[in-house]
Amino acid sequence: MTDRVYPSSKPITTNNTTTAPIPTTTTPATAATTKPQQQQPRYPYRPQPQYGNHHRRRPSRRCRINCCCCCFWSLLVLLALALLLAIAGSALYVLYHPQKPHFSINSLRIAKLNLTAATSDSSPSASHLNSLLNLTLTSKNPNSHIVFFYDPFTLTAFSTSSVQLANGSIPAFVSNKNNETSFRAVLTESKDLDTDSATSLRSDLKRKTGVPMKVQMDTEVKVKMGGLNSKKVGIRVTCQNIKGVAPKSKTPSVASVVDAKCKVDLRIKIWKFTF
C-alpha cells in the first residue's frame with residue numbers, strides 16, 4: 001500500500017519569488033499523533049460548606065427538657081435528705097438535749113520558770129527556758145443520756161506573746177453521765193529560745209501582776225448517745241486569764257486561776273485542713 005501525497009493549496013513566496021509547494025508525506029502513525037486530543041468533561045465547582053461555631057448543631061428540645069428534669073429531681077432529692085436530717089437532728093435534740101462538756105482549772109503551781117543565757121555555741125545570743133508546772137483540772141459531763149470517750153490529751157502552756165512555756169499530757173478516760181473527773185498533770189520544758197521570743201518572755205516576767213498565760217488542750221472524743229455511737233471528733237479546750245509569777249526560791253508559786261475560763265471548740269479535719 002502506497003502513501004498518498006497531497007500538494008499544498010498555496011504556493012510559498014520567498015524574496016519576491018514564488019516556489020512550488022513542497023509535498024509532505026504523512027504516515028498513519030504521524031497522522032494519529034496529530035489528531036487533536038479530546039478534552040475531559042469539566043464539572044462545575046461546588047464549594048464545600050464551612051461550619052463555624054454558629055453553625056454547630058444545637059441540642060434538641062427533648063434533650064434540654066430531659067436535662068432540666070434531671071436537675072429538678074436531683075435538687076428535690078437533696079432537699080428531701082436535708083429535711084430528713086434536720087428532722088432527725090431536732091428529734092435527737094429534743095430527746096437528749098446534748099450539751100458541751102465543761103472543763104475548769106482548779107490550781108496551777110509554778111515550780112520553775114527560769115530564763116537564762118544559752119550555753120550552745122551555735123546561738124550565743126539566744127536564751128534557755130527551763131520550766132516546771134503542776135496543773136489540776138476538772139472535766140464535767142452535764143448530760144444525762146450522753147457518754148464521752150476521750151483520747152489522751154496534749155497540754156501546752158503559752159504566754160500572751162505565744163511563747164510555749166511548757167507541755168504535758170493526760171491519759172485517755174471515759175466521762176460517764178453526769179460525771180465529774182479531776183486530773184493532775186505535770187508540764188515541763190527545757191529548750192533554747194530565739195532572740196524575739198526571749199525578749200518578749202523577759203518583759204512578761206518583769207510584770208508585777210505575773211505572766212499572763214493560757215493552757216491549751218487538744219484531743220479527740222467519741223460520743224455515745226443512747227444506742228448511737230459517733231465517730232471521733234477533734235476538740236480543743238482553751239483556758240485563758242491565768243496569771244503566774246516565777247518563783248524566787250525552791251517553793252512553788254501559786255498562779256491566779258480565779259478568772260480562768262475554759263472554752264471548748266470542735267476541730268473538724270477535712271483532708272489536710274483543720275477547722
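Just so you know, glycine gets a Cβ as well, placed from its N, Cα and C.
Feature annotations, courtesy of TrEMBL:
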REGION    1-57  region 'Disordered'
COMPBIAS  10-51  compositional bias 'Low complexity'
TRANSMEM  65-96  transmembrane segment
DOMAIN    136-239  domain 'Late embryogenesis abundant protein LEA-2 subgroup'
Chain residues outside the transmembrane segment (65-96) and at least six past its termini with a C-beta under 8 angstroms from it: 143, 145-146, 225-226
Average pLDDT across the domain 'Late embryogenesis abundant protein LEA-2 subgroup' (136-239), rounded to a whole number: 92
Residues in the domain 'Late embryogenesis abundant protein LEA-2 subgroup' (136-239) grouped by DSSP into helix, strand and remaining coil: 11 helix, 65 strand, 28 coil
